[in-house]
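These come from Swiss-Prot:
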- 1-15: region 'Involved in virion budding' (REGION)
- Lys14: ubiquitin cross-link (CROSSLNK)
- Lys15: ubiquitin cross-link (CROSSLNK)
- Lys34: ubiquitin cross-link (CROSSLNK)
- Lys53: ubiquitin cross-link (CROSSLNK)
- 66-88: transmembrane segment (TRANSMEM)
- 89-961: topological domain 'Lumenal' (TOPO_DOM)
- Asn109: N-linked glycosylation site (CARBOHYD)
- Asn141: N-linked glycosylation site (CARBOHYD)
- Asn183: N-linked glycosylation site (CARBOHYD)
- Asn309: N-linked glycosylation site (CARBOHYD)
- Asn392: N-linked glycosylation site (CARBOHYD)
- Asn424: N-linked glycosylation site (CARBOHYD)
- Asn490: N-linked glycosylation site (CARBOHYD)
- Asn509: N-linked glycosylation site (CARBOHYD)
- Asn528: N-linked glycosylation site (CARBOHYD)
- Asn557: N-linked glycosylation site (CARBOHYD)
- 577-599: region 'Fusion peptide' (REGION)
- Asn783: N-linked glycosylation site (CARBOHYD)
- Asn809: N-linked glycosylation site (CARBOHYD)
- 962-982: transmembrane segment (TRANSMEM)
Amino acid sequence: MAPPMTLEQWLLWKKMSQAHQALENVTTLTEEQKQQVIIDIQHEDVVPTRMDKLKYLAYSCCATSTRVLCWIVLVCVLLLVVFISCFVTMSRIQWNKDIAVFGPVIDWNVSQQAVIQQIRAKRLARSIRVEHATETYVEVNMTSIPQGVLYVPHPEPIILKERILGLSQVMMINSENIANTANLTQETKVLLADMINEEMNDLANQMIDFEIPLGDPRDQKQYQHQKCFQEFAHCYLVKYKTTKGWPSSTVIADQCPLPGNHPTVQYAHQNIWDYYVPFEQIRPEGWNSKSYYEDARIGGFYIPKWLRNNSYTHVLFCSDQIYGKWYNIDLTAQERENLLVRKLINLAKGNSSQLKDRAMPAEWDKQGKADLFRQINTLDVCNRPEMVFLLNSSYYEFSLWEGDCGFTRQNVTQANSLCKDFYNNSKWQKLHPYSCRFWRYKQEKEETKCSNGEKKKCLYYPQWDTPEALYDFGFLAYLNSFPSPICIKNQTIREPEYKISSLYLECMNASDRHGIDSALLALKTFLNFTGQSVNEMPLARAFVGLTDPKFPPTYPNITRESSGCNNNKRKRRSVNNYERLRSMGYALTGAVQTLSQISDINDERLQHGVYLLRDHVVTLMEAALHDVSIMEGMLAIQHVHTHLNHLKTMLLMRKIDWTFIRSDWIQQQLQKTDDEMKLIRRTARSLVYYVTQTSSSPTATSWEIGIYYEIVIPKHIYLNNWQVINVGHLLESAGHLTHVKVKHPYEIINKECSDTQYLHLEECIREDYVICDIVQIVQPCGNATELSDCPVTALKVKTPYIQVSPLKNGSYLVLSSTKDCSIPAYVPSVVTVNETVKCFGVEFHKPLYAETKTSYEPQVPHLKLRLPHLTGIIASLQSLEIEVTSTQENIKDQIERAKAQLLRLDIHEGDFPDWLKQVASATRDVWPAAASFIQGVGNFLSNTAQGIFGSAVSLLFYAKPILIGIGVILLIALLFKIISWLPGKPKKN
């Protein structure tokens, strides 16, 4: 190898190289001139600068021998290894210090309130285009959520299931029997059969046939009560003490509005309008109202002669509109039925059908206490006129006609104390225009005026002017809307000593003595005493007068065949059930409802038996239909179709139509409350296990439906429930945004009275209600030792994090990593505003009512929680929800848990630049200067180094342990090689 150049030689070489490069681009000089320039440069004296000396030193190092170069490389590598090792060691020491630093404290119990100002554009009324900005102030109420958990109402009751019982039922449908009952013609019989076949075929096409285990039927005979109640539940017979009808052909009832179409207020149809005497302007010559309406006035009400018959001795009525307040329409039909039957039994005189005097109001009998029937009020005459005309013992006239009670235009101000000096001051200008005046003014006489010899079409002038324009004058006066000259007169109609009997009680008593068929036939005939059955009339008008009826009626002798029960197992797909009912003497129009009793082999409280399922037979006619014999042909078919379609729909939905099965015996045997029975009815399921046609002809058809029921028996019902919404808390830790939650052991909070229970549900199904196999009562989370120790989990989330969820009460659930509208960051809050405002890019609207304070029940124990400092890094490294601590750990336990978690993650390996950034993030809260330096190194390695060497640098860091081992081996080998190069003795050259 040639020796290196001296400093002067290197400077001359450098100068000559620069001169050659400069002359190559010059074209104005000749070759001789260029040679002369080079010669001149060679003879110039050059003084070396410091930079030249440094550059020469670098040249001399590279131009020396290979041994010297290797020594230089070795020293550089060793220095680099020492530097990196020291840096990594310092970073790891800082990392361990970061772990031991106390973390943040989370305390959710904070409430805030803020008033923010927003600019809104307001448009003036005079200008459509110009909008002016106005300042509005919006109140934002924020309520913290304890433990990051929101409780919202859980409307569905939760049922802890005790067991499930099974029941089977066979339903028979026979069109011929329905047709005979409704007196259908042959054409309508064909239509009825086609309709039944269509519905049943539709059901059969969606159901498969299969067998279920069935036992012997054990029947409950409730036929007498069912048929008697169905026909005569609200039917009564009242007997007068003396025969006396309504004393006049008219009734003054100004409290009732008048008929007609009026533009301002439309009143519902009043039944007394049927007796209204209308005004007609055109009448024949000499016409007067007395000739046609007797004492009734034009614009008043005329009572026909059949309603004021003086020979009436009894009143027969079938209506539930005269019962007292005990008959609450909000109750179910079953509850009203049971209540009525109990009252009738308690009020009956011995075993007779006559009721005690206290059942009636005092107006009917002096000993009356209105235990069953109420007192007739003033407005009853408007909608129930027949009840008033036939049952009232006295009547108070309500009149606003001039001349009644001696009031005229001259003394009208004396009729009411509020009308005194009415026209002598300005008082009349401030009152209602109807005040202190009559509804109908009396004229001198009633007359007709004819012109030009016309005798058939004359102008009629009644004695009282017509009131149609003031159709509700009297009704408003009755409501005391204004002072008026009301004339109230009491007139006695008949003596108040009535005797009353119940047709339902008579039916029950007669069915025991003469049989149910005989009792039904005789009492139905009695209801048809006047030619029209009373129980067919509308309930408001089902009141008729009778003259000396025979009661109790004569009961005919009806023979019935009877046979013993067939205990053999039911034969499938046969008419055996139909024949069994026939042999027992029950007609399909009123077949006995034979109800199965549940027996469970695991419950000795119930009736003993070995079969879980019991079979019973029921027919469509008596189970769901009303008496179609009172309907016309097409109406009866439509009625049957409605019930049949409803039955099919319920079966397809696997629901139970409880009109086909009575549940009172279920309640008695299971000993359940009314609320529990409501749940049993709602949660019960049905399954059709066969549908078959037993007979068919062009005009008749019959079907059988086998139905299996599953009844859920509740063990406990949780009604007042709250559902848990685990919102959590946001945490900015070590440069990472983390979503922290307390993992609560319950999903539902139940609060009954003052007791709060925390429920954990397992194996639940949601069918209208939530039905669960397992409901565990657990302890809530809290700092007290006796409470549950719940894990706290953390999950890394991206920033910015904004969660806005509207609640059903009009408020908003907000969890955000930023602050807006004075809503705090990181803390879950329930926000309520009083005006529309836009926050976090979402419009917040006010609730339906002003809410200044929001309270959520039930309350949970207070929870104050300290988390590890590196919670965000731990969650970030695993990128999934992990457990970072528990609710009862102290800070020492939390630090140990964090160390163990970080060591287990082995964060020192892997992507070295990313690890340095993690160290910088963890150090930023503890040592900002060191964090900046470490962050800079990490950015250099990830950005600059990546730009120079590409992704290979990052990939090599993942193989760092292997590369370090290989590098150490190579360095040792190189060291021995260099030592071998060292000379043992000086060489001559």
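Any Cβ shown, glycine's included, is placed from N, Cα and C.
When the recorded positions Lys15, Lys53, Asn392, Asn509 are compared by Cα distance to Lys34 (ubiquitin cross-link), the shortest distance belongs to Lys15. For the recorded sites given as Lys14, Lys15, Lys34, Lys53, the lowest number of other CB atoms within 10 Å of the residue's CB is seen at Lys53. Over all protein chains present, the Cβ of Asn557 (N-linked glycosylation site) has 7 other Cβ atoms lying within 10 Å. In this structure the alpha carbons, written CA, of Asn309 (N-linked glycosylation site) and Asn809 (N-linked glycosylation site) are 63 Å apart. Asn509 (N-linked glycosylation site): 18 other CB atoms within 10 A of its CB, across all protein chains.
Across the region 'Involved in virion budding' (1-15), DSSP assigns 9 helix, 0 strand, 6 coil. Cα spacing between Asn809 (N-linked glycosylation site) and Asn392 (N-linked glycosylation site): 52 Å, rounded to the nearest whole number. Around Asn392 (N-linked glycosylation site), taking its Cβ as the centre, 20 other Cβ atoms fall within 10 Å, counting all chains. In this structure, the glycosylation sites under consideration are Asn183, Asn490, and the one with the smallest number of other Cβ atoms within 10 Å of its Cβ is Asn490.
Asn183 (N-linked glycosylation site) and Asn528 (N-linked glycosylation site) are 18 Å apart (CA-CA, integer value). Checked against Asn490 (N-linked glycosylation site) by C-alpha proximity, the recorded positions Lys14, Lys53, Asn183, Asn392, Asn557 yield Asn392 as the nearest. Each residue contributes its Cα atom, and for Lys14 (ubiquitin cross-link) and Lys53 (ubiquitin cross-link) these two points are 12 Å apart.
Asn490 (N-linked glycosylation site) carries a strand DSSP state (E or B). Asn183 (N-linked glycosylation site) sits 39 Å from Asn392 (N-linked glycosylation site), taking the CA atoms of both as reference points.
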